[in-house]
C-alpha cells in the first residue's frame, strides 16, 4: 500500500500541470461563450458551451493517461521500477480519476448554473428538465465510458512499445496497431450482430427517463433512456480482460 501511495502521489505531480491547463481551458471557453452571447445576442450560448464541456470529459481520462505515459516513455522512469505492472497502471488511473472528478465537478456546476437554471433555452426546452433529474447519471455514464476508453488506450500503448522489441515490426508499429484496431472492431461488430448475443444484451434493461412536455402548440414527444445492465457487465469484463492483458505485455515485453 505504501508503494502504491508513493506511485499515486508521483503521478498526481506528473499530471498536475495538465489539470491546471484543463481548468484554464474550461474557464476560457465559458468567458468566450459570454462574449459570443453578447455578439450574437443569443442567451443560450453559455448553456450550450457548458453542456459541450461536460460531454467532452469522456476524453479527459484517456488524454490524462496518455500524457503521463508519454512522460514515462521519454524519461524512462519505469526502466528500473521494482513494482508490478498493475500497480504502475492503477496508480496512473487513480491519479487521472482524481483530476477527472475535480474537473467534472467544475463542469457540473457550470451546467447546473447555465442550463438547469436558464430561462432562455428556446429549442432546448425539455433539456433542462432532463439534466436536472439525470445530470449525475450522465456524469456517471461518461465516467464509465472514459474508464473503458482509457483501458483500451493502455492496451494500445503497451502493444506499441512492445513491438519495439521485434525488429521486423519496429518500423511499422502504427500500421500494426491500425490492423489490430480494425480486427478488434470488426470482430466486435460481427459478434454483436449475432441474434443470441443481442437478446442476451437486452436482458436486465431499465428505463429511467420518460416524459412529455407541452409548450403552447408544440409538444415534446416522450423519450425513454434505457440502461442495459447486461451490456454494462460485459463491458466491465472486457475492460478487466484488456487491463490484465496490458499488464502482461508491460511486464514481459515493454521497456520504457
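Placed from the backbone N, Cα and C atoms, the Cβ positions cover glycine too.
Lifted from TrEMBL, the feature list:
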type: TRANSMEM; residues: 12-36; note: transmembrane segment
type: TRANSMEM; residues: 48-67; note: transmembrane segment
type: TRANSMEM; residues: 88-115; note: transmembrane segment
type: TRANSMEM; residues: 135-160; note: transmembrane segment
type: TRANSMEM; residues: 172-191; note: transmembrane segment
type: TRANSMEM; residues: 227-250; note: transmembrane segment
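Below 8 A, the CB atoms of the transmembrane segment (48-67) and the transmembrane segment (172-191) form no more than two pairs separated by six or more positions in the chain, fewer than 3 in all. Just going by CB pairs under 8 A, the stretch in 12-36, 88-115, 227-250 that sits most against the transmembrane segment (135-160) is 227-250. Just going by CB pairs under 8 A, the stretch in 12-36, 88-115, 172-191 that sits most against the transmembrane segment (227-250) is 88-115. Same-chain residues lying 6+ beyond the ends of the transmembrane segment (88-115) with a Cβ under 8 Å from its Cβ atoms: 4, 7-8, 10-12, 14-15, 18-19, 22-23, 26, 30, 46-47, 49-51, 53-54, 57, 60-61, 64-65, 68-69, 78, 81, 121, 124, 127-128, 131, 135-136, 139, 142-143, 146-147, 150, 154, 243, 246-247, 250.
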